Amino acid sequence: MAKKSMIAKAQRKPKFQVRAYTRCRICGRPHSVYRDFGLCRVCLRKMGSEGLIPGLRKASW
């Protein structure tokens, strides 16, 4: 779980636009966040396997 202070800091508008970064909506993780879902890879995999994300299916080929 991310620190609450870091989550609050990320929500503020930065002085320079290039300093803005995404965080996971569920756990607050700053790395490997998928923009389409707003979730990190860990939460995306967990919620996807539980069937909580409509239209998301596990790939097999």
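The backbone N, Cα and C atoms fix where each Cβ goes, and this holds for glycine too.
Note that this is a predicted model, so its numbers are computed, not measured.
Now, the feature entries from Swiss-Prot:
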BINDING   CYS24, CYS27, CYS40, CYS43  Zn(2+) binding site
Counting other C-beta atoms within 10 angstroms, the emptiest spot among the binding-site residues CYS24, CYS27, CYS43 is CYS27
Kindly assign CYS43 (Zn(2+) binding site) to one of the three DSSP-derived states: helix, strand or coil. helix
Are there residues of the same chain, six or more positions away from CYS40 (Zn(2+) binding site), whose CB falls under 8 angstroms from its CB, and which are they? CYS24, ILE26, CYS27, ARG29, HIS31, SER32, VAL33, TYR34
Using DSSP and collapsing to three states, where does CYS27 (Zn(2+) binding site) fall: helix, strand or coil? coil
With a radius of 8 angstroms around the mean position of the C-beta atoms of CYS24, CYS27, CYS40, CYS43, what other residues of the same chain does the Zn(2+) site pick up? ARG23, ARG25, ILE26, GLY28, ARG29, VAL33, LEU39, ARG41, VAL42, LEU44
